[in-house]
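A.B. asks: Sharing a structure, written as structure tokens. Questions coming.
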Amino acid sequence: MLACRKPGLRPPLLLLLPLLGPLGPCSPGTPAAAAPADDAAELEFFTERPLHLVSPAFLSFTIDANLATDPRFFTFLGSSKLRTLARGLAPAYLRFGGNKGDFLIFDPKKEPAFEERSYWLSQSNQDICKSGSIPSDVEEKLRLEWPFQEQVLLREQYQKKFTNSTYSRSSVDMLYTFASCSGLNLIFGVNALLRTTDMHWDSSNAQLLLDYCSSKNYNISWELGNEPNSFQRKAGIFINGRQLGEDFIEFRKLLGKSAFKNAKLYGPDIGQPRRNTVKMLKSFLKAGGEVIDSVTWHHYYVNGRIATKEDFLNPDILDTFISSVQKTLRIVEKIRPLKKVWLGETSSAFGGGAPFLSNTFAAGFMWLDKLGLSARMGIEVVMRQVLFGAGNYHLVDGNFEPLPDYWLSLLFKKLVGNKVLMASVKGPDRSKFRVYLHCTNTKHPRYKEGDLTLYALNLHNVTKHLELPHHLFNKQVDKYLIKPSGTDGLLSKSVQLNGQILKMVDEQTLPALTEKPLHPGSSLGMPPFSYGFFVIRNAKVAACI
């Protein structure tokens with residue numbers, strides 16, 4: 001039974017679908033009173049013990065490797081504002097990877113771009129993590145040129161016609177310094193398409209990169225390749241799962257002979273679990289699964305070119321994620337049952353995101369629901385594509401302004417702990433009124449062990465109210481309700497928290513995320529098409545202590 005499982009173990013796969021529904025006999029405590037009106041929904045909590053323990057870096061994010069196509073734009077990573085925003089989401093992994101990663105070649109003799117050189121010169125004789133930002137004239141020039149470079153990158157992505165590019169020691173330094181100064185753990189994706197004549201992986205360029213990073217005493221984790229299931233389409237090269245597994249074994253041997261002998265290795269960063277991809281994942285895990293530390297796969301809900309606002313609000317589309325997770329977990333549990341599973345790259349829509357959707361308030365429904373389902377089903381880490389970069393699914397735009405999903409991510413980081421519990425809504429509203437429950441993040445100064453964090457999405461076009469279970473009904477609750485700001489409604493690129501617009505105080509200061517205390521016994525009101533967090537204080541839940 002679910003109630004008898006140890007923390008951190010995945011429940012049997014047959015139980016995963018019912019997790020969205022009523023809990024049945026496992027639910028402890030006295031049921032709450034009957035809902036007083038049609039707009040009220042009664043909650044059931046399962047808090048006897050955690051379903052799972054996710055990583056403290058559960059919510060992580062990426063920088064797409066295509067940023068290195070023109071290394072001048074790596075200089076953006078010197079922005080103090082961008083670093084402040086990244087630091088707000090620590091602890092987290094920063095994955096550097098993507099399709100372009102398999103077309104990048106490290107050239108240790110390559111000179112840094114003028115913009116990179118200008119940045120490093122401006123940082124000399126200073127603490128690089130505390131010093132000033134990019135020289136203003138350099139930053140202004142790059143910002144003006146970025147929209148044109150963005151179109152180049154998106155065109156390459158849409159057409160799946162990639163060309164090789166080289167990157168320098170300076171680019172590696174810029175990436176590592178950004179991660180280190182932001183409190184992030186860097187995961188670097190190495191080119192897997194460099195092949196010998198007999199189609200084995202050519203590790204010579206990876207060796208050059210390892211040698212350089214070793215000389216700098218960098219602490220880096222590694223990946224090899226991105227979505228190898230699509231190598232044929234991207235590069236005209238077919239590699240089967242067995243060969244890929246052998247390539248990972250070779251990479252692990254390479255790491256073992258270097259300063260990175262204890263480094264983590266993740267993979268295979270495979271696409272969604274469809275027919276040929278499933279076949280590849282199975283054979284990879286059999287051949288090389290032993291040498292990886294976690295199994296990584298990718299997920300997107302919809303095609304960014306044709307996605308609609310209705311797609312972003314459709315509970316049936318949100319639910320498609322469940323079967324993808326189940327398929328992946330089933331494969332891993334059968335072949336490599338002790339391996340953790342990570343969502344190594346994910347967002348709302350593939351192809352760079354959906355224009356005027358993936359960077360708006362509406363995208364938050366997909367993002368928050370994916371976080372909730374991932375934690376509930378046993379995914380240890382979720383890496384959001386991207387923090388900053390080309391397309392529409394970024395957390396931070398081209399002017400380093402945080403977008404709605406950034407603020408949602410920041411609230412998640414501050415309020416949600418790594419012990420995953422269970423909540424459900426009674427009645428027929430489950431698919432459009434989606435709820436998730438964790439122990440509260442006790443690093444938040446206002447909260448303590450035993451507190452609960454409920455997060456919820458209201459996909460109804462009317463206000464709904466949540467009623468806490470009877471034994472928690474009179475507890476103090478802090479509300480963090482997120483709504484769009486301005487006249488664009490669901491398509492707004494700014495948000496308000498409890499009625500206050502969220503924006504940075506200055507380039508190095510994030511705003512306070514101020515709660516709204518509710519009167520004990522109050523229902524938890526949620527306006528139409530909104531999402532938010534509710535911290536139940538002094539809940540004294542034993543599983544959270």
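Using N, Cα and C of the backbone, Cβ positions are placed for all residues, glycine too.
The shown structure was predicted, so the numbers you read here are calculated from the model rather than taken from an experiment.
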A.B. asks: Have a look at Swiss-Prot and say which candidate in Cys26, Cys129 forms the disulphide with Cys181.
C.D. replies: Cys129
A.B. asks: DSSP says what for the region 'Required for heterodimerization with the heparanase 8 kDa subunit' (290-419): how many helix, strand, coil residues?
C.D. replies: 54 helix, 31 strand, 45 coil
A.B. asks: For Asn276 (heparan sulfate group binding site), identify the closest of the recorded positions Cys129, Glu227, Cys439, Asn461, judging by Cα separation.
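C.D. replies: Out of the listed candidates, the nearest Cα belongs to Glu227.
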A.B. asks: Excluding near sequence neighbours, so keeping only residues 6 or more apart in the same chain, what lies with its CB under 8 A of Met280 (heparan sulfate group binding site)?
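C.D. replies: Listed in sequence order: Pro228, Asn229, Asn240, Gly241, Leu244, Pro268, Ile270.
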A.B. asks: I'm trying to understand the geometry here, so how far is the Cα atom of Cys181 (disulfide bond) from the Cα atom of Asn219 (N-linked glycosylation site), in Å to the nearest whole number?
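C.D. replies: That separation, Cα to Cα, works out to 13 Å.
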A.B. asks: Tell me which of the recorded positions Asn219, Gly391, Cys439 ends up closest to Asn164 (N-linked glycosylation site) in space, Cα to Cα.
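C.D. replies: In terms of Cα distance, Asn164 (N-linked glycosylation site) lies closest to Gly391.
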A.B. asks: Tell me the Cβ contacts of Glu345 (active site, nucleophile) under 8 Å, same chain only and six or more apart in sequence, or just say none.
C.D. replies: Thr62, Arg95, Gly97, Gly98, Asn226, Asp269, Thr296, His298, Met383, Gln385
A.B. asks: If you measure from the Cα of Cys439 (disulfide bond), which of the binding-site residues Asp64, Lys161, Gln272, Arg305, Gly391 is the nearest?
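C.D. replies: Closest candidate to Cys439 (disulfide bond), judged by Cα separation, is Gln272.
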A.B. asks: Taking each of the disulfide-bonded residues Cys129, Cys181, Cys439, Cys544 in turn and counting other Cβ atoms within 10 Å of its Cβ, which one has the fewest?
C.D. replies: Cys129
